[in-house]
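*Asks:* Below are the features I grabbed from TrEMBL:
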- 149-160: compositional bias 'Basic and acidic residues' (COMPBIAS)
- 168-177: compositional bias 'Polar residues' (COMPBIAS)
- 3-299: domain 'Domain of unknown function at the cortex 1' (DOMAIN)
- 149-202: region 'Disordered' (REGION)
- 303-324: region 'Disordered' (REGION)
Amino acid sequence: MPRLHVLTGTSFDSLEPITHFVNTGRAHRIHSDRFEGKVAVYIKGLRDVHGQPLNSEYFERPDRKGITWSIQVQGRFLQPHSTNDVLFGNTFDRPLKLPWGSSAALKFMKFIDPALEHDLTSPTKPWALSPLIATVPNFVHSHVGVHHVPEDQSPERGEEGLFPPPTSISDDTSHLSVISAAPSDDSQDGAETTSKSDPTALRFRTSGERRKYFRKEVNRKDLIFGPDDLISIDFCYGFLEFNPKLVLRLPGGITFDLMKYWEGQPVRFVCCERKQSSNGEEDDGSPTGKLFWCVSIELAEDEEAKDGATEDEEERAGDSVDID
């Protein structure tokens, strides 16, 4: 597999390397005037500089069987934000070299995340973004003080409140409440509201119910995250494989060898504000508003050189999509 380099930070200009934390169960702290929290990353099949595998028990857990990568974040937004305006997804600095058959991949993405919006064929800065509350498969909300670890404490792994936790993050939205005082008519979407004396509490039995409820913009606008809300997410899937080579596997046996199309630019997972209208100001061309945090997966420098040396051969070999 290609050797990867993982970085994180609260802006593209302040990314710090965290490859040495990947698959260790240790988190890296991030902080800005907009967001503070911790980031942990797991990549199945990741190898160190000597080519040795960096294994993790995370991928052996019964509830994570089949998962090949995970980005986990815990933290809080330091100013109030409507969940309609907090987005998560991918952004790129240059046009993408999309393979023949990529429309199948886009349909698959839209299937698992109907709230997704994208312009991956952009000639300038491709992007794919979705409301965080509606896209992450594993989401936990609590109030600061329940599991918050002060900045000056570094307890050993295994103590309650640590991040990442020793057991997998799974949905817990029992503390969620909306700002609207009107009873919701979306109970058919899975959300349960309490009686009229307390109409603002939301309860979801499953991750699927939460995601379905927050597909609707009006429901997202009713929910505000601020400094008192502690958010924990595990964005994890199994359709992307890193070992023995970088492969995208879709249902139906469709397989893409991504190394034929990845030209070395960073793959960035970003949490950002929804971009607002420019109000007459010059548009900077960015698909996002202000950044909360970013995890960037890049080719290590030696792999970039190798990729550049073989690019012509790969182009001559032609595009291919395998059907298993």
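Each Cβ is built from the backbone N, Cα and C atoms, and glycine gets one as well.
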*Asks:* Averaging the per-residue pLDDT over the domain 'Domain of unknown function at the cortex 1' (3-299), what integer do you get?
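*Replies:* Over the domain 'Domain of unknown function at the cortex 1' (3-299), the predicted model scores a mean pLDDT of 86.
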*Asks:* For the compositional bias 'Polar residues' (168-177), jot down how many residues DSSP puts in helix, in strand and in coil.
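*Replies:* When I sort the residues of the compositional bias 'Polar residues' (168-177) into the three classes, I find 0 helix, 2 strand, 8 coil.
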